[in-house]
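Asker: These came from TrEMBL, pasted as-is:
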| type | residues | note |
| --- | --- | --- |
| DOMAIN | 48-440 | domain 'Amino acid transporter transmembrane' |
| TRANSMEM | 84-106 | transmembrane segment |
| TRANSMEM | 143-165 | transmembrane segment |
| TRANSMEM | 177-195 | transmembrane segment |
| TRANSMEM | 202-225 | transmembrane segment |
| TRANSMEM | 237-259 | transmembrane segment |
| TRANSMEM | 271-295 | transmembrane segment |
| TRANSMEM | 317-341 | transmembrane segment |
| TRANSMEM | 353-377 | transmembrane segment |
| TRANSMEM | 383-405 | transmembrane segment |
| TRANSMEM | 426-449 | transmembrane segment |
Amino acid sequence: MLPQKQAEEAVVTNFTETENEGGGIIVGEDDNKEQENSMFALKSLLWHGGSVWDAWFSCASNQVAQVLLTLPYSFSQLGMLSGILLQVFYGLMGSWTAYLISVLYVEYRTRKEKENVNFKNHVIQWFEVLDGLLGPYWKAVGLAFNCTFLLFGSVIQLIACASNIYYINDKLDKRTWTYIFGACCATTVFIPSFHNYRIWSFLGLGMTTYTAWYLTIAALVHGQVEGVTHSGPTKLVLYFTGATNILYTFGGHAVTVEIMHAMWKPQKFKYIYLMATLYVFTLTLPSASAVYWAFGDQLLSHSNAFSLLPKTRFRDAAVLLMLIHQFITFGFACTPLYFVWEKVIGMHDTKSICLRALARLPVVVPIWFLAIIFPFFGPINSAVGALLVSFTVYIIPALAHMLTYRKPSARQNAAEKPPFFMPSWSAMYVINAFVVVWIFVVGFGFGGWASMTNFIRQIDTFGLFAKCYQCQPSGLPPPKATGAPPPRAHHL
């Protein structure tokens, strides 16, 4: 399509122009030119990404981060069979709504290109897509849910950093570690956009791959603890809490539009998220199943899988790699918030990286503060999944697609037709309606009730500003490996 071709050329042109501004190549001096070209090639290799592979690495790396460590906890709430089936179910559903988001982005960009809108120095975001296709009310809803989800997504990464490092160095409590890692994660303000996550996405996926297979192998080598029991599911509140954590796991496509906009050919994104999800299955299913098999109901009071595995150099390596990856994922979640804030204060088109970084710093402060107030690693995932992810990346995209193409003229002139495996627009409508009803009733309704009940009990048990959530009190021996369920006060 011509409009799509123009959009692709605009992205490539902007990329080239940006590079040429800093290239500094001196014509007529061969040695300098060769040196500059070599530096440019290395910089492009490590720093500037926009290919299909870059998008795949970004999606796969961003999709499975600290949640990898909480999935065994969810299996203890759900039971083995439900845990596996819900991972596959929500993984495919998440891939479908990511596809819908990509279609709506292409539709929005195609329409704007026909109006000769130039997106140079401007990153398109999800709320702008909703505004262009459905109007200002949808923009407000999309902006509210997306920003709140990304805010708490960043909070969760910060909490995970403190939770993980504690298993290497427990001389400092988790709250102190949160202070430290909050300052470290604030350095993400210097990463301009998703173009610049090429090397980080690649390394991040390698880190989670190592951690997932470490969890799998370590659990199998450790074997089942004495008297292990696998009683889940036992209570509805536990079942739906675990289910919404899995909903959260495969709802990481709140940054889909920003990743697409960083691509040289955004229309090729359509099936990338599905391919990323299929790879993520090879990490989440074996690790969660193996750890739950080994430790069973003990996981009900240990939301971080690292806490039950013996301290070895392999575990320490996994902890360190996850810390680095959580720094990367923090940047993924925060970068769209940086864009929104830049647009609010009129700094989005500023070329100076230092000025933009300085302008972005206020975004990090509330994230830091919320991570200190609610340090509940595990339960907070389910609460965010039920109340925010359910709308942000499931219900709103499905409804937006239904309304955008509700008229015959819109369907006839659509930039993207139904996929090859979908017989008609009616079939898409049915699937979208199913997504909306299922997520609203099961994800938001039952999941919201269960996750908030559990979350409130964490506050009652540990209090706000908990200094060291789920830490073993000093002077007491570690808990014995038994299959007895934990006290009710910790998790319903």
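Positions of Cβ are set from backbone N, Cα and C atoms, glycine also.
Bear in mind that TrEMBL entries carry predicted annotations, made automatically and left uncurated.
Walk me through the surroundings of each of these features.
Answerer: Long-range neighbours of the transmembrane segment (143-165) within the same chain, counting only residues 6 or more positions beyond its ends whose Cβ lies under 8 Å from a Cβ of the stretch, are 65-66, 69, 125-127, 174-175, 177-178, 181-182, 184-185, 252, 254-255, 304, 306, 319, 322-323, 326-327, 329-330, 333-334, 336-337, 340, 366-368, 370-371, 374-377, 380-381, 384, 388-389, 391-393, 396, 469.
Under 8 Å from some Cβ of the transmembrane segment (202-225) lie the Cβ atoms of residues 57, 60-62, 64-65, 68-69, 72, 282-284, 286-287, 290-291, 293-296, 298, 305, 309-310, 312, 314-315, 317-318, 321-322, 324-325, 328-329, 481-483, all in the same chain and six or more residues away from its ends.
Listed as Cβ neighbours of the transmembrane segment (237-259) (distance under 8 Å, sequence separation of 6 or more from its ends, same chain) are residues 55, 58-59, 62-64, 67, 70-71, 73-78, 82-83, 86-87, 90-91, 93-95, 97-98, 101-102, 105, 123-126, 129, 146, 149-150, 153, 193-194, 269, 273, 277, 280, 284, 300, 332-333, 335-336, 339, 378-379, 381-386, 389-390, 392-394, 439, 442-443, 446-451, 453-454, 491-492.
Outside the transmembrane segment (317-341), and at least 6 residues removed from its termini, the chain residues within Cβ reach (under 8 Å) are 58, 61-62, 65-66, 68-69, 123, 125, 127, 143, 146-147, 150-151, 153-154, 157-158, 160-161, 164-165, 167-168, 181, 184-185, 188-189, 191, 193-194, 197, 200-201, 203-204, 207-208, 210-211, 214-215, 254-255, 258, 306, 348, 356, 359-360, 362-364, 367.
Sequence-distant contacts of the transmembrane segment (353-377) (same chain, six or more residues past either end, CB-CB distance under 8 Å): 66, 70, 151-152, 154-155, 158-160, 162-163, 174-175, 178-179, 182, 185-186, 189-190, 192, 303-304, 334, 337-338, 341-342, 345, 347, 455, 458-459, 462, 464-466, 469-470.
Non-local neighbours of the transmembrane segment (426-449) in the same chain are 93, 96-97, 100, 236-237, 240-241, 243-244, 247, 382, 385-387, 389-391, 394-395, 398-399, 401-402, 418; each lies 6+ residues outside the stretch with a CB under 8 Å from one of its CB atoms.
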Asker: Using Cβ atoms and a strict cutoff of less than 8 Å, what residues sit near the transmembrane segment (383-405) while being 6 or more residues removed from its termini?
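Answerer: Contacts of the transmembrane segment (383-405) (Cβ under 8 Å, skipping residues fewer than 6 from its ends): 93-94, 97-98, 100-101, 103-104, 107, 130, 133-134, 138, 141-142, 145-146, 148-149, 152-153, 156, 244-249, 251-254, 411, 414, 425, 428-429, 432-433, 435-436, 439-440, 443-444, 447-448, 450-452, 454-455.
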Asker: Same chain only, please: residues at least 6 beyond the ends of the transmembrane segment (177-195) with a C-beta under 8 Å from a C-beta of the stretch. Say none if there are none.
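Answerer: Same-chain residues near the transmembrane segment (177-195) but 6 or more away: 15, 47-50, 58, 123, 154, 157-159, 161-162, 165-166, 255, 258-259, 261-262, 323, 327, 330-332, 334-335, 338-339, 353, 356-358, 360-361, 363-364, 367-368, 371-372, 375.
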